[in-house]
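Annotated in Swiss-Prot:
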ACT_SITE  His318  active site, proton acceptor
BINDING   His22, Arg48, Glu338  substrate binding site
BINDING   Asp214, Glu240, Glu268  Mg(2+) binding site
SITE      Asp291  site 'Increases basicity of active site His'
SITE      Glu338  site 'Transition state stabilizer'
Amino acid sequence: MAMPSIRHVRAFVVRGGGADYHDQADGHWIDDHISTPMARYPEYRQSRQSFGINVLGTLVVEIEASDGTVGFAVTTGGEIGAFIVEKHLARFLEGQLVTDIEKMWDQMYFSTLYYGRKGVVLNTISGVDLALWDLLAKVRKEPVYQLLGGPVRDELQFYATGARPDLAKEMGFIGGKLPLQHSPAEGEEGLRKNIDKLAEMRGRVGGDFWLMYDCWMSLDVTYATKLAKAAHEHGLKWIEEALPPDDYWGYAELRRNVPRGMMVSTGEHEATRWGFRMLLEMGCCDLIQPDVGWCGGITELVKISALADAHNVLVVPHGSSVYSYHFVVTRHNSPFAEFLMMAPKADQVVPMFTPLLLDEPVPVNGRMRVPDTPGFGVRLNPECKLERPYQH
């Protein structure tokens, strides 16, 4: 079978939900009083949108092959990402065979090294990479998970991230991850409120349901240690992203400090095999959570996962819907997946990237069989307005 080449690369921007899931209307739990690195400033404490968490918007990358097949993917990156795709990265794709993903990733990464390495540049490369996998799988008429070696389990099981773990239990999830509400700047009273919230939820869900705390890079080692020790009484399974992502030394110390049996997790805002190598070799965590739309895409996540496996560390990708489902179902060291509750009150199961994607699967009773539709199995919603701010 002769493989087509890449004819066109296009980048679009979307506002209002989608891959930039913080871009929500007022009243959404994800923008409520949540501990952040900016919570040290009272004026930015009540809402994450107040300090601009949603300024980027969604980036949509579309790649068309010479036979007319179109692959696409979505990530966070907005207009900045669209500029990088159109003005820089497209040259490394157009004219290449759709199979040459490793070469294209290498050229995208090393050509942007002087202004990239992490952040929005890696988000953008990740979006392109995911679109390439979607395209290749569609050309081969099979789901992405088959390109990754095939499934190692019949179905995925999920924990839910959201403000209502008690409702998540009723919906069949195996655990619930709460956003930590009060930051170190709110002192001992804030710490007490954090523990009280955990205790309240433990009382609602019983002893066998997992409970975790997502700290979103907002703590220091001293506070995180106090939180972990106080939370141990209430069966906290893991403490997540407690420290800024570059504080590898702090994570290693925190992991030594937490009570026996409690896990330390991080990696949502880490990128590439080199970043995760630091986390793994320094013994920073028990579980890594790369976001496939931010860490370098599927191509890089395969390498990150292999490193983690060699260190006996679990890989549970952050959110990212179908892009992580197709990966997790193929890996023994990814025993479960995250589902981000995107209903404003976390009281129902809705697709993570709603309303941007159609045919996006959701767990039923906390479980899912990954569809065998070619590619990642989703379509863009034609009712969502795409803007193409740049062309090449």
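The backbone N, Cα and C atoms fix where each Cβ goes, and this holds for glycine too.
Positions of the features from Swiss-Prot, shown on the structure.
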| residue | record | DSSP class |
| --- | --- | --- |
| His22 | substrate binding site | coil |
| Arg48 | substrate binding site | coil |
| Asp214 | Mg(2+) binding site | strand |
| Glu240 | Mg(2+) binding site | strand |
| Glu268 | Mg(2+) binding site | coil |
| Asp291 | site 'Increases basicity of active site His' | coil |
| His318 | active site, proton acceptor | coil |
| Glu338 | substrate binding site | strand |
Euclidean distance between Cα atoms of the residue listed as 'active site, proton acceptor' and His22 (substrate binding site), Å: 14
Protein Cβ atoms within 10 Å of Asp214 (Mg(2+) binding site), excluding its own: 22
Residue among the recorded positions His22, His318 whose Cβ has the most other Cβ atoms within 10 Å: His318
Additional residues around Mg(2+), ordered along the sequence, whose Cβ is within 8 Å of the centroid of Asp214, Glu240, Glu268: Lys177, Cys215, Trp216, Glu241, Ser265, Thr266, Gln289, His318
Sparsest-packed among the recorded positions, when each Cβ's other Cβ atoms within 10 Å are tallied, from Glu268, Asp291: Glu268
Of Asp214, Glu240, Asp291, His318, i.e. the recorded positions, those within 10 Å of Glu338 (substrate binding site) when Cα atoms are compared: His318
Among Glu240, Glu338 [binding-site residues], residue with fewest other Cβ within 10 Å: Glu338
Neighbourhood of Arg48 (substrate binding site), C-beta criterion under 8 angstroms, separation at least six: His22, Ile30, Asp31, Ile34, Thr36, Met38, Asn54
His318 (active site, proton acceptor) versus Glu240 (Mg(2+) binding site) - Cα distance in angstrom: 11
Listed recorded positions Asp214, Glu268, His318, filtered to Cα within 10 Å of Asp291 (site 'Increases basicity of active site His'): Glu268, His318
